[in-house]
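Each remark here refers to the structure printed beneath this line.
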Amino acid sequence: MSSEATANPSFPPSAEMVARAHADEAKYNEMYAASINDPDAFWGEHGKRIDWIKPFTKVKNTSFEPGKIDIKWFEDGTLNVSANCIDRHLETRGNQTAIIFEPDDPKEQAQSISYSDLHRRTCRMANILEDLGVRKGDRVIIYLPMIPEAAYAMLACARIGAIHSIVFAGFSSDALASRVNGCDAKVVITADHAPRGGRQTPLKSNVDAALLHCKDTVKCLVVKRTGGQTTWIQDRDYDYNELAFEADDYCKPVEMDAEDPLFILYTSGSTGQPKGVVHTTGGYLVQAAMTHEYVFDYHDGDIYWCTADVGWVTGHSYIVYGPLANGATTVMFEGVPTYPDASRFWQICQKHKVNQFYTAPTALRALMGQGDEWVEKCDLSSLRVLGTVGEPINPEAWNWYYNVIGGGNCPIVDTWWQTETGAHMMTPLPGAHATKPGSAMKPFFGVNPVVLDPHSAEIIEGNSVEGVLCMADSWPSQMRTVWGDHDRFEKTYFSDYKGYYFAGDGCKRDEDGDYWITGRVDDVINVSGHRMGTSEVESALVAHAAVAEAAVVGYPHDIKGQGIYCYVTLMNNQEPSEELRKELRTWVRNEIGPIASPDVIQWAPGLPKTRSGKIMRRILRKIAENDYGSLGDTSTLAEPAVVDDLIENRMNKG
Ligand code: WT7
């Protein structure tokens, strides 16, 4: 069906896709009903898809009850994630490629790492970490480029029972320091430099700067990536390549409880500093692996590529843990979509004959703008399933993806999920559902979404309805707590709507009962698929001596989805200037990282506040959106003239 046929066009899968898929519509309906009617039986069965050292006898033990939030899955089982992702494949697929590494520079050779290689290298890394004093339950920070060592490091931690926390290599030394301290890490694993898009980030020197603010017992393990210069501190810095040369090839996987933490990943919320999302071992792996197989319709021998970075949850679940638990071949790409030119993604698809391709709408929008000729020169006939994640996809980008990249015969799985959910929650399955541009369609097995009225907190039944998205019950890969702050876990996710997990997103259920995510309903913004709390950018701005006050909102941005719009009130003695604007941009980049770089800074002599002093962001959002006609109720404003000033001064910069 063509996209202009109806208001809500829908694209059914081909007969061929339906025939080979793990689930067609009937199978989905049957499995979904079973998963909701009897979660214990359903997950008891599917929990067996991974190897247990001691099999579980209990399946689900979860409570969303206020004051008693507690989530346990498979709690009496024991297992090791690294053994599940590596050792159990050695007999049947030791020589099969586990990881294809595609470097930033296309002139550098790609690498194929077999499951036996992966075993050897992970064991060596695990032994090195043990020699550095890392034990079960200790925290290790990983601050690496997208190189295979990042996967070895994750799996090595999992092997010895250490809890990893990956910090995206684009984050600044300040952000890194707060995460090292936040989880009291023993070791930071980094590289000399990170090549990306032909440029280099000096990772090791960022670590040097960060560690000035950390305990002096923290050690640093340095992977050689570029061979570029770094400073070296004796007895604190360790050379990975040297140690790996001597390290033993075998390290016994440690027996872990299903509910032992696997990793912490810091993510932004609507208030305060980023929080450490804690995922545990058994339930996480089961759902990451199962979704990877069903959602991408992964079959043995397929080449699968997720373009995310391991610094985000997508990289955890869908580059490393899910695919490797399934014995898949997973591509790891170090670079960016536009280097050396806008055909890089498609060159890589052609070169490695990629079957499943998973990326973010922001990348698609950027590439779409470069024209179709970058795509047309590549052979994309290996592609079978396309995926998107991270933000709502607009119909133009969806149609381009479907027609130009997929040639009109690859289903697009628009996967809605979050750092907190650990794995896919809502998405079409490629052989089961006709897709609609922009719709996340259906809940995955075991996922029980409800649409609530934001005012009454009542469930809205029926179709053609809109409200906030909540989950009525737990799922295996749900986050278990906020590291070191279980109260914050309850407050953030379970207190606005009692008895439910509140995702922070708005959603619609259309006339067919399909779900559409409408975006965040809190003060979280989504910039190029990167999640950010407006409060974090505000704290960074007010930390500058010239700034008295700041309010930050998101506004629609053609490529990034949302841009960062900052209203800044300067100190009395400060004159606004172009230099100061530049300086503040650099300041925020240094405080958080380049992804938080403000798109627009508007000088604001005053901010619209209520009489009790609360900033009225709703109004600031409207001004940023250039939508002055519908400012809504302004009667509670303390000083209405402030708004007129802001509208008058509004600038369209960036
Ligand atoms: C937020 C979670 C999950 C991996 C990447 C982002 C938004 C995510 C979609 C989608 C519309 C989406 C939501 C969500 N989001 N996927 N398919 N359609 N919105 O993880 O950084 O934890 O962000 O991203 O707003 O709450 P994250």
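Residue positions begin at 1 at the first shown residue.
The backbone N, Cα and C atoms fix where each Cβ goes, and this holds for glycine too.
Database features, via TrEMBL:
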- 28-85: domain 'Acetyl-coenzyme A synthetase N-terminal' (DOMAIN)
- 87-473: domain 'AMP-dependent synthetase/ligase' (DOMAIN)
- Arg196, Gly197, Gly198, Arg199, Thr314, Ser528, Arg589: CoA binding site (BINDING)
- Gly390, Glu391, Pro392, Asp414, Thr415, Trp416, Trp417, Gln418, Thr419, Asp505, Arg520, Arg531: ATP binding site (BINDING)
- 536-614: domain 'AMP-binding enzyme C-terminal' (DOMAIN)
- Val542, His544, Val547: Mg(2+) binding site (BINDING)
- Lys614: N6-acetyllysine (MOD_RES)
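Put simply, Ser528 (CoA binding site) is 11 Å from Pro392 (ATP binding site) when counted between their Cα atoms. The Cα of Thr314 (CoA binding site) lies closest to that of Thr419, out of the recorded positions Thr415, Thr419, Arg520, His544, Lys614. In the three-state DSSP classification, Arg589 (CoA binding site) falls within a helix. Sorting the domain 'AMP-binding enzyme C-terminal' (536-614) by DSSP state (H, G, I as helix; E, B as strand; all else coil) yields 24 helix, 27 strand, 28 coil.
The Cβ neighbour count for Thr314 (CoA binding site), using a 10 Å radius over every protein chain in view, is 23. Among the listed binding-site residues, namely Gly197, Gly198, Gly390, Pro392, the Cβ with the most fellow Cβ atoms inside 10 Å is that of Gly390. Neighbour count (other Cβ atoms within 10 Å of the Cβ, all protein chains): 20 for Ser528 (CoA binding site). Between the CA atoms of Arg199 (CoA binding site) and Gly390 (ATP binding site) there is a gap of 25 Å, rounded to the nearest whole number. Gly198 (CoA binding site) sits 33 Å from Val542 (Mg(2+) binding site), taking the CA atoms of both as reference points. Using a 10 Å Cα-Cα cut-off around Arg589 (CoA binding site), the recorded positions Val542, Val547, Lys614 reduce to an empty set. Around Thr419 (ATP binding site), the same-chain residues six or more apart in sequence whose CB sits under 8 Å from its CB are Leu265, Thr267, Val277, Trp312, Val313, Met479, Arg531, listed in sequence order. Within 10 Å (C-alpha to C-alpha) of Gly197 (CoA binding site) lies none of the binding-site residues Thr415, Val542, Val547. When the Cα of Val547 (Mg(2+) binding site) is compared against those of the recorded positions Arg196, Thr415, Arg520, Ser528, Lys614, the shortest separation belongs to Lys614. Counting only residues at least six positions away in the same chain, the Cβ atoms of Ala548, Glu549, Ala550 sit under 8 Å from the Cβ of Val542 (Mg(2+) binding site). Sitting within 8 Å of the Cβ centre of Val542, His544, Val547, and not among those site residues for Mg(2+), are the Cβ atoms of Ala540, Leu541, Ala543, Ala545, Ala546, Ala548, Glu549, Ala550, Val568, Leu584, Trp587. Here the candidates are the recorded positions Arg196, Ser528, His544, Lys614. The one whose C-alpha lies nearest to that of Thr415 (ATP binding site) is Ser528. Proximity to ligand 1 (Cβ under 6 Å from any of its atoms) holds for none of the binding-site residues Gly198, Arg199, His544, Arg589.
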